Amino acid sequence: MAPVNMTQVTEFILIGVSNRPELQVPLFLTFLVIYGLTTAGNLGIITLTSVDSRLQTPMYFFLRHLAVINFGNSTVIAPKMLSNFLASKKTISYYACATQLAGFLLFIVAEIFMLAVMAYDRYVAICNPLLYLAVVSRRVCLLLVSLTYLYGLFTAVLVSSCVFSVSYCSFNVINHFYCDNVPLLALSCSDTYFPETVVFVSAATNLFFSITIVLLSYFNIVLSILRIRSSEGRKKAFSTCGSHMMAVTVFYGTLLFMYLQPRTNHSLDTDKLASVFYTLVIPMLNPMIYSLRNKDVKAAFQSCVTNLRGSWKGV
């Protein structure tokens, strides 16, 4: 039997979105624009919901933290991805890879449950409007957001420690543009049954509970709206949750496409395409979804621009 090379890997090579040399610069420019829009949009939402008095409600408190999560998720992935488009050696160190995986898991799990929290917020606002401020009090808001971040952190530590508890020997080329569970475990030279089980159970549990909360919330929201007799009242009720419904549909639709596709059609290239969407494209789209369809956010933005113009004229 030939001896097995058991040299421990100290760095990984990321293939990226594509390994074709002629596409590196166009892809760099494309994703630079996407990351720039993501940064501007989410920092804009964070700023507006922090300083404008009209946006100091539970709904906008949760929206601010969704923007924080979107910005964090894209920032964990995009800078290294962009630098690798122009680098001749597309490497990432062992510990940087582990840190990137943990950061990605923290923010993606936090986003899954933040969307569920926002669905519950819309349920209370529409189905129990008289009790809204009592049920979704500031204390409850802080508790829900804290639990979301803490659970995301717990999942990140648990799953990333399991993924990096196995051995990685010799072959270190990751068929992805960032350090993710599945392509990493595919490189392991030791038994991966336990970490694969942890990854599967964690992903399945998180998706099941968050989607259940969202579906139950919107089932009750739709029933409540259908009981409203006036068409104007129904339209107003739908408008209060339309942006969130769109964001939820895009996000969960991408995740379900990735996890529910037949195994015969499943490939790492398909995973990469889906990952581009929920790590980079969706964080760019969310600020647009919430601002373009929201009169309060548009009014706050216009007020902010007016104040900035006034301050510049004063100077």
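Just so it is clear, glycine is given a Cβ too, placed from its N, Cα and C backbone atoms.
Under the heading domain 'G-protein coupled receptors family 1 profile', TrEMBL lists 41-290.
Here TrEMBL flags 27-49 (among others) as transmembrane segment.
According to TrEMBL, the transmembrane segment annotation covers 61-80 (among others). Non-local neighbours of the transmembrane segment (61-80) in the same chain are 14, 31, 34-35, 38-39, 41-43, 45-46, 49-50, 92, 96, 100, 103-104, 106-108, 110-111, 114-115, 117-118, 121, 141, 144-145, 148, 177-178, 279-280, 282-284, 286-287, 290; each lies 6+ residues outside the stretch with a CB under 8 Å from one of its CB atoms.
Summarising the annotation, TrEMBL assigns transmembrane segment to 92-120 (among others). Note on the transmembrane segment (92-120): residues 9-12, 14, 59, 62-63, 65-66, 69-70, 72-73, 76-77, 80, 144-145, 147-149, 151-153, 155-157, 159-160, 163-164, 168, 178-181, 184, 206-207, 209-210, 213-214, 217-218, 244, 247-248, 251-252, 255, 278-279 of its chain, located 6 or more positions outside it, place their CB under 8 angstroms from a CB of the stretch.
The transmembrane segment annotation in TrEMBL covers 141-168 (among others).
For the transmembrane segment (207-226), the residues of the chain that approach it from at least six positions outside its boundaries are 112-113, 115-116, 119-120, 122-123, 126-127, 234, 237-238, 241, 245, 248, 252, 255-256, 259, judged by C-beta separation under 8 angstroms. Annotation comment: TrEMBL describes 207-226 (among others) as transmembrane segment.
The transmembrane segment annotation in TrEMBL covers 238-261 (among others). Sequence-distant contacts of the transmembrane segment (238-261), counting only residues of its own chain at least 6 positions beyond either end whose CB sits under 8 Å from a CB of the stretch, comprise 111-112, 115, 118-119, 122, 125-126, 203, 207, 211, 214, 218, 221, 225, 270-271, 274-275, 277-278, 282, 285-286, 289-290, 293-294.
Taken from TrEMBL, the feature transmembrane segment applies to 273-292 (among others).
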